[in-house]
Amino acid sequence: MVSDNEMGLVLAVSSSVFIGSSFILKKKGLKRAAANGTRAGFGGYTYLLEPLWWVGLVTMTFGEIANFVAYVYAPAVLVTPLGALSIIISAVLAHFLLDEKLRKMGVWGCVCCIVGSVMIVIHAPQEQTPNSVEEIWKLAMQPAFLIYVAISMSIVLALILYCEPLCGQTNILVYIGICSLMGSLTVMSIKAVGIAIKLTFEGINQIWYPETWFFAMVAAICVVMQMIYLNKALDTFNAAIVSPIYYVMFTTLTIVASAIMFKDWNGQNTDSIASEICGFITVLTGTVILHSTREEEQASPRRMRWQDSGKSFDEEHLTSLYSPEY
């Protein structure tokens, strides 16, 4: 019989495959659409008529659903770091299908992500799934988790009310800090809702419990806040910088929140916990390396010829332009 951890592992890996592939499908769809109309980056919507873009969107939807269900079966310490595999999938597929070459350092980044993921999978704790949403509520009402929530919300409020007006446009940690803290609470709430849905399908109805709807409301609020400030970060700063920092902060805070609320590491020996932490650090290192190679590619100048309209063709100027695309 398949264990919950094995089911969560399969779903998490499937999610990464779907999401990583969806980026390539959507990008190819955008390129086709750009050849027939205005690019999306310049306000065009011709991609909505491109079937390949829709295939990518559906693929991403399947990936997000698989990721959601994975949290129901496995602890966050197993599921969350495996999200880095989607970066590997997209990088490898982009190398072969989009002619976006994967450099040697990028290959090392992929290797680090794979090695770290294997370490986490081997030493991941076996989670004890609660038998009712009321049990999850008791876990959420533990003093340690309430302190985590209080500290997180205090930091979020301080960042929004004080730091954002002062340095939101210059300090990348303001926006990313907000969406990472809210993201950790999103995962905890979504996991609670997912377990309630799973128990309901198994015949133990959890829909009419007020705790279920409270967790659903918290999840909705946190998701909206998370998306608002992630979009602000992407709009203000380079995506090649935002992505690795956000991944590191979001993953770290999610694992901390899950360890406090669900006691993921209870019953594990020190060696297993140390191995998981080492695996996690290895995945983070690989992710940063992968994104740094992309940032280098972005910074490589493209030489372009242009003609001054007031001068002859022989008086052509050369200028180096940096590509705005990520």
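In case you wondered, yes, glycine gets a Cβ from its N, Cα and C as well.
When the topology recorded in Swiss-Prot is consulted, Met1 and Phe262 turn out to share a side of the membrane. Beyond its flanks by at least six residues, the topological domain 'Extracellular' (262-272) meets 75-77, 123, 125, 127, 139, 191, 255 of its own chain at Cβ-Cβ distances under 8 Å. The stretches the transmembrane segment (105-125) and the transmembrane segment (77-97) meet in space: the count of Cβ pairs below 8 angstroms, excluding pairs fewer than 6 apart in sequence, reaches at least three. Ranking 52-72, 77-97, 143-163, 170-190, 210-230 by CB pairs under 8 A with the transmembrane segment (273-293) puts 77-97 at the top. Counting Cβ pairs closer than 8 Å to the transmembrane segment (143-163), the top stretch among 5-25, 52-72, 170-190, 210-230, 241-261 is 170-190. Using the rule of three or more Cβ pairs under 8 Å, pairs at least 6 apart in sequence, the transmembrane segment (77-97) is in contact with the transmembrane segment (241-261).
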